Structure formats: C-alpha cells, structure tokens
Amino acid sequence: MVETIPSFGLGTFRVAAGKTAQSVKSALQLGYRHIDTAQYYDNEAEVGQGVRDSGIPREDVWVTTKVWWERLRRDDLIASLKESHRKLDIGTIDLALIHWPSPDSVVSIAETLAALQEAQKLGLIRHYGVSNFTAPLLEAALAAPGGGTIVTNQFEVSPFLANRALVEATQKLGVKVTAYMPLGEGRAHTDPTLADIAKKHGATPAQVTFAWLLSRQIVVLSASTNPEHQQVNWDAQKLKLDAEDIARIDALDEGKRNANPPFAPKW
C-alpha cells in the first residue's frame, strides 16, 4: 500500500475524450504510481479503467480525486464521494481533495472536514487534503477538528508563477505542496531561458521545469497522453539542476495566474 503521496504523478485535466484510460494505463506501465483526477474533469470512470487495465497491483497505485466546491456540505460531499467511488471502481480512493475552498466560507471548513472523516470511516477514501487554499485558509483548516491530517495543498505553480510565499507557508505548516499547470499552460515549452538550460543538460524544457519543482520538494503533476512524452517527463526525476540554473528559473516568475475563476479565494 502506498502510504505517502508519490512525488511525480500524471494529471488528467482536459485530456481528450476517449484517451484517458489508455493514458493512465501507459503511464502506470512506465512506472508512474500517482494519478490525479477530479469529479469536475468528468473522467473518473476512464481513470479507473486505466488503473484496472494497467496490470499494476491496485495497492501500488495512488489515485487522487477532488470534490467540487459546490458540494462541500456534509450530505452532498458524502454523495459526491460515493459517486467517485462508483465511477473509479478501484476500491477505496487514496486521496480526496477539496477542489476549491467554499467562497466566503459559506460552508464551514469544520463541516467539510467532518464529512471527509466520515467518508474515511465509510471506506470511501484513505486520506484527504485541500486544493487552491491560501495560507490563512490552510491555517484555519489545520486548526479545525480533523485538520491535522491534511495531506497536501494542491495549487498552481510554474516558472511563471513560482508562488513562493504560499509554497513556503504550506511547507512550514508540514503540508506537502502539489503543483498543477507546472508548464504554465504549455508556455514552458517555448521559453528561451528554459530552452537554454535544457540544451545545457541535453534535456527538454519540460524536464527542466519538473526538475526545478522537484528541487523545491514540490509534488509534480505532468500531463501527456503520448507514452513517449510520458517517459521523457518521467525521466525528469534524474535531472539535477545547479544553483545557476535554479536562479535563472526563479527569475522567470511573473506572478500571473492561469487558474483564477470568479469563485477563487483572494490570493
């Protein structure tokens, strides 16, 4: 049984319809052991199919899903996770995240955490965490009953949104950071600085980006449906950047978000 969230995973957001199962299957067969999905992605059934088809023992795979912000009240959250459990069809889900915090805390974090604890007792999930929580929201969650076992705070981190303050605050609170949109919606592929560092190491800009995130002890979610690209991304774990490389990547930070919907918290 995987007891801690693996540091390198496969994201499944916006994967073309019909390609998710094969993408998950190939990634697992290449060595990935962490798959990230969400109710909002509408692909949990395909993710589960890919896990089952991979031939990798279920206990060796970590699967994360997320509960949408409109379903954070007790009854709705339990019903929502029962739906995810049924669609994934892989037994107990390893990790469930609150996808976005309740706007203006209309639903208290205490109510949601209590529901997540109930979901644990029902065998729907093993662990729980949060996503897109600011430092004050994370502190409040950790202080609430049941908050002490929050596994991760997943939020956007890329060379163009280093999110240093939130990364440092999350890690100081003893919570793992998981990065989504690590390539800045694909921008990393064509960035001249990343390309130059990649050339120096005989690597790709994506590999350089992932190595930079890993050097910050951040869990990476890469995304590809192509097995060859999945392998290249996976191999980023072997790349070691030097201090000059890291400083150059750090300098790319612009503080611009790709994910900032109307219901997002005040960053």
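Using N, Cα and C of the backbone, Cβ positions are placed for all residues, glycine too.
The domain 'NADP-dependent oxidoreductase' feature in TrEMBL is assigned to 14-254. Under the heading active site, proton donor, TrEMBL lists Y41. According to TrEMBL, the site 'Lowers pKa of active site Tyr' annotation covers K66. Residues or ranges marked as substrate binding site in TrEMBL: H99.
Within 10 Å of the C-beta atom of H99 (substrate binding site) sit 21 other C-beta atoms, taking all shown protein chains into account.
Under the DSSP three-state reduction, the residue listed as 'active site, proton donor' is assigned to helix. Across the domain 'NADP-dependent oxidoreductase' (14-254), mean pLDDT in this model comes to 98.
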